[in-house]
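First up is the structure itself, then whatever we jot down about it.
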């Protein structure tokens with residue numbers, strides 16, 4: 001594998017082939033993927049690559065805000081609070097605007113992807129071998145990938161039409177579920193907003209002084225901790241759902257930050273991706289093997305046309321054997337099946353995944369009988385964004401706990417899809433689909449919440465003006481992250497719609513094969529085997545006919561993708577993970593009240609912890625669901641850049657309403673103990689805030705139910 005990889009063309013040469021939107025091998029991969037999916041235990045994780053930078057930006061924004069809250073003293077004048085709040089609002093705005101634009105662009109891309117999948121066709125895909133007329137650069141003949149792919153699809157699914165139907169059904173459902181519901185999940189929201197909880201925890205810990213009488217119900221530390229928990233666990237998920245829903249509802253627009261865009265699917269080189277079968281060259285007692293397609297001179301005694309014809313006949317005779325071997329989906333050489341731990345791929349700043357790396361990493365892998373997780377081999381669309389996405393996917397939850405398809409119409413994608421469906425013989429195999437932007441997005445949101453949580457846990461707030469000054473930079477930082485995030489999520493939902501349309505119109509015969517585009521002649525003039533024939537034969541063997549395969553794609557694959565790309569992308573665990581700094585801040589503030597006079601029912605530390613838990617576990621998931629619904633409903637792209645920005649702002653404004661209501665409720669509940677019981681009691685204030693948070697989350701849930709009725713529409 002290493003030897004063959006070193007013979008691949010340079011990046012600038014590969015880019016010419018990867019720019020083709022209808023690649024035969026992408027269709028083959030799609031068919032093989034469907035063929036291999038024999039159990040529901042096989043998970044497919046799809047994450048948009050912008051989720052990595054987005055999560056980092058959001059987390060840093062919340063961390064900066066939390067640090068200011070936990071450290072800046074706000075005691076003397078009201079203007080200090082106003083200044084702090086203004087700075088927080090400004091920082092949040094800087095992050096929220098590009099974030100919202102990115103998420104909306106993401107939902108637009110989802111709509112486009114759904115359209116592509118609904119119109120997928122095997123015959124319409126392109127093949128590099130056909131583009132090269134089945135002649136390599138060295139003049140050797142090439143196998144036709146198009147023939148191989150189409151034959152495999154026919155073996156696996158019975159017919160190309162059956163495969164296309166399966167793609168439109170299963171694949172579209174999987175991507176739709178993974179790229180919508182699981183991308184902006186509640187754990188992710190809690191992770192990126194965890195600095196909020198950290199700030200509350202720090203402020204709560206500041207009240208654990210010996211001079212503070214410890215009363216559980218009235219201790220300020222418990223009250224602060226409860227406030228942080230309520231905001232983090234209840235308000236953040238609920239408001240996140242509302243924001244995503246607004247961004248998805250209004251995805252239309254044109255502004256998309258370059259560092260957060262969801263990449264378009266690409267294709268891979270095909271002629272070195274199959275078995276290393278030796279095609280005989282007529283070089284005995286003759287000059288170099290030539291091809292009539294290149295116009296070079298023939299060898300003495302033999303014409304170039306006759307030798308090319310003999311090679312073509314020999315390769316045509318080899319295609320059935322090759323198709324049969326590929327359709328079996330068995331490992332030909334045990335040395336090929338090699339695995340490596342995740343940390344090996346990510347060590348040295350993910351040197352193995354970065355572009356331009358010429359180091360041999362073969363020694364870091366070892367032979368294995370099975371592969372627990374397979375990463376997509378296509379690395380087009382920005383290496384560093386995908387690296388961030390992988391880091392957040394594998395390390396995001398652990399970090400939170402420690403701190404607290406234009407390519408859908410290509411032939412080889414179709415072949416992978418057929419192979420996936422063929423191998424899916426058991427419901428125990430799960431398919432995990434995640435958009436790669438979820439990595440950057442998760443990191444940005446987590447860092448934003450961390451930036452907000454650090455000031456919350458460190459800045460003392462004694463006066464109203466200081467509170468206003470403190471909230472201003474928080475709101476601004478959150479806004480800066482939210483705008484590109486909202487734009488990305490909206491674009492993602494647009495891609496889902498496009499993908500569904502592509503799957504519904506998938507066809508084996510409409511896919512293109514590079515070998516057919518090259519007329520089965522390699523760059524060097526050698527003949528190429530037809531991938532299309534091989535794929536179609538494999539599909540026929542696996543599924544009985546191409547029609548059966550296409551029907552399977554339109555049903556099973558569409559259902560799987562729709563479920564994985566919508567329900568499992570923006571999941572509650574993800575929202576809780578990215579907003580975990582909220583809970584950490586509440587825990588920090590609660591710890592500061594540990595030395596308070598211990599009265600369990602009046603202790604401020606317990607009250608703060610309760611508030612943080614309520615925010616994190618109740619409000620954050622509820623608000624996340626509402627935000628995703630809003631982003632999904634607003635996924636349509638406007639005609640101008642200004643309308644795109646205004647649409648992101650409108651979605652964010654709608655999603656910010658529950659957050660503002662939660663902030664107002666938190667401020668009003670500071671007087672609940674005196675108003676209801678005529679006595680200072682932190683636990684009474686925390687319980688009042690918990691009740692308000694539950695009410696706000698319930699309203700978000702009811703609003704989300706109403707918005708789901710509009711999801712069948714194309715989007716606003």
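Backbone N, Cα and C define each Cβ position, glycine as well.
Within the set 530-555, 686-711, the record from TrEMBL flags 686-711 under the feature transmembrane segment.
As stated in TrEMBL, the feature transmembrane segment covers range 470-493 out of the listed 350-373, 470-493.
Here the transmembrane segment (686-711) has long-range neighbours at 222-223, 226-227, 230-231, 234-235, 238-239, 241-242, 245, 249, 606-608, 610-611, 614-615, 618-619, 622-623, 625-626, 629-630, 632-633, 658, 661-662, 665-666, 668-669, 672-673, 676, meaning same-chain residues at least 6 beyond its ends whose C-beta is under 8 angstroms from one of its own. Most Cβ pairs under 8 Å to the transmembrane segment (613-633), among the stretches 81-107, 217-235, 436-458, 470-493, belong to 217-235. Under 8 Å from some Cβ of the transmembrane segment (217-235) lie the Cβ atoms of residues 190, 193-194, 196-197, 199-201, 203-205, 207-208, 456, 576, 579-583, 585-587, 589-594, 596-597, 599-620, 622-623, 658-659, 662, 666, 673, 679-686, 689-690, 693-694, 696-697, all in the same chain and six or more residues away from its ends. If one looks beyond the transmembrane segment (573-593) by at least 6 residues along the same chain, the residues whose Cβ comes under 8 Å of a Cβ in the stretch are 55, 58-59, 62-63, 66, 69-70, 182-208, 212, 219-222, 224-229, 231-233, 236-237, 240-241, 396-397, 400-401, 403-404, 438, 442, 445-446, 449-450, 452-454, 456-457, 603-606, 608-609, 611-613, 615-617, 620-621, 624.
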